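Each remark here refers to the structure printed beneath this line.
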Amino acid sequence: MPWSALAGPLVYAIALLMLPGLVVALAAGRRGFAAVALAPALSVTTISVGGILGGFLGVPWGWWTPAALALLLAAAAWGAHRLLRGHNPRQDAGAGWRQEWPLWVGAAAGIVAWLRCLREIYVSPDTFSQLFDNIFHLSLVRYMAEAGTGSSFSVTAMDPGAASSFYPAAFHGYASLVFTVFPGSITVAMNAAIWTMLAVAWPLGCLYLAVTVTRSTGASLIGVGILSASFPGFPFLLLQWGILYPNILGLILLPVAIALSLEALGLGRSSRYDAQALVLGALVLPGLALSHPSTLLSLMAVVAAPILARAFREWKTLRDPQTPRRTSIVRLSLLLACLPVFAAVWLILRPGDAPWDPPLSRFEAVGQALLNAPFGPGPAWAVSALMLLGIVSAWRHGARWLVTSWIVVAVMWVVVSSGPANRWRELLTGGYYNDPYRVGALLAVVSLAVSALGLASCCTWLASQAARLPRGSASLWEAVVGVLVAAALTVATQPSTYMAQTLGRVADSHALSEGSWILTTDELALIHRIPQEVPPSAIIATNPWNGSSLVYAFTGIQTTTKHVFYTPTRDLDILQFSLDEATTNPIVCPAIRDMGVDYVLDFGDQEVTPQADHPFPGFDSLDTAPGFELVDREGSVALYRITACR
């Protein structure tokens, strides 16, 4: 497939993830880079909340749903901006090009770096992850597009036997909107959404957080775009495990949520409380939660220290006669009230028990945290040096809350990856399924913020030394140093051994081959021919554990199961254990008729996870059992028409 096939879906995916949120950000008074950086997080809210509201109101799923909600949120944001502007003016709402050029150059550098990484992973526009969870993700995107729903409360309807429940479907809703307009290939549509998230939203969010943490728009921020593609912990770690698209989207939005929290607390470029940032944060939170609820836990873990830091500062003002005592008491009370709320949410957001065994020793876990090398792709020397410099700089210059936030998440990582499966680990990381991959990804997000501060400190010192030279102004030397340091950072990270190993691991998990996990080359070739061989109304019996259920995701033809966590029924159990006995076992044909099954796919015994063992004995002898007519074969995989029950 030519790369030009990705162009249309990619442009549309960018528009979906940028335009709705940009309208809201502009209405809220943000201008320039700030408005653009906030747009993806706000757009995800319009998509995810719009999907739920549309489901309740019976509105068919399409681009108009997030567009309509964006207009409503923009009106509310404009009203709040007008109301708060006189009480809380912003000095940075409309920074010009001369101030913001490092941010735009940094964003461009990040996009280019990410496009390079993605081309290393994706060999074609229709490349797809060969990991276990992708069966569910592909099928759900197809289902949401065909069912005309974007609601997180309608996901379980994909499995007719499942009880109605909630599933955070912001990513799937977004990808399904792309697939609705470009239905030619489910994988191309999903890749357009994934590429937009990684190459556009993520660098923008990292830069916005860096501006807030460093309190600067200096040329040092050019290198932050490169940093966004230089941490093996995120998002690469989650691209080779799961695959965890909902978590990836949530963590992509997290930097913006952290930055807005810091602005609201007066810990960003201004030392004043920022009610407008609080309003924008409230608009971002629904998208954050509907991407994945664990992202809310991540936000609380990171911002608890800044809240305490601001509370301590407020407590000190109680002794300042120039500050109204009542005002300080109210502010202090509100800040401290956040902590029990955080604790309650932390204890409530508990998924099912997942007692993963710790894969590392304590020494390995600490070392990997300091060297930004989760699960051993090799030490990330350059970014780790910047991170350690950032820790020193934050401690010396009044941002100890940033160091504390990093320590909190680092402790979570050490506990989940090397500690025993006890109550302490459950308390700290139970909201993450006690999964070290998820916590390791979070640690990378916080480490990036600390590294950005280290990068700024490094550039500031170099620029001050260069400014002593007889030629050139201080601003000129700052720009020169920023560009040169970004170039050096690119050389130190992108072609490095650890990045090569990281990209190689992710590429391997996306490789299609004769032995690849969820689909092999033979299986995919047969799936692509099925629409010409069976009627659109057909139902195909499948074994979800060998990947055959993906015929639904790739073609839209109905299957008996659509992912591995299907809900068993009596008829499904009969097919699972006795389908090839259709001519001799009297209970099989009634089950086939009840389910309306016409065909069966035989993809053999290779399962989608290497050590899995889920026998489907009813599919074992289809090639020799009477009552099954061969329709097509590719290598060892075959499609049969069921003739036993005529």
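Here the Cβ of each residue, glycine as well, is placed from N, Cα and C on the backbone.
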Can you identify, from 35-57, 104-126, the stretch that TrEMBL calls transmembrane segment?
35-57
Count the Cβ pairs between the transmembrane segment (401-421) and the transmembrane segment (332-349) that lie under 8 angstroms and are 6 or more residues apart in sequence, then report whether there are at least 3.
no
Other parts of the chain folded back onto the transmembrane segment (369-389), taken as Cβ under 8 Å at six or more residues beyond its ends:
227, 230-233, 237, 359, 410, 413-414, 417, 436-437, 440, 443-444, 447-448, 450-452, 454-455, 457-458, 489, 492-493, 496-499, 501-502, 505
Stretch of maximal Cβ-Cβ contact with the transmembrane segment (332-349) [cut-off: under 8 Å; candidates 63-80, 166-186, 296-312, 441-463, 475-493]:
296-312
Would you call the transmembrane segment (441-463) and the transmembrane segment (244-266) in contact, using three or more Cβ pairs under 8 Å, pairs 6 or more apart in sequence?
yes
Residues of the same chain, at least six outside the transmembrane segment (244-266), with any C-beta under 8 angstroms of its C-beta?
37-38, 40-41, 44, 133, 137, 168-172, 174, 194, 197-198, 201-202, 205-206, 208-209, 211-213, 234-235, 238, 272-275, 277-278, 280-281, 284-285, 287-288, 291-292, 294-295, 298-299, 302-303, 306-307, 310, 437-438, 441-442, 445, 448-449
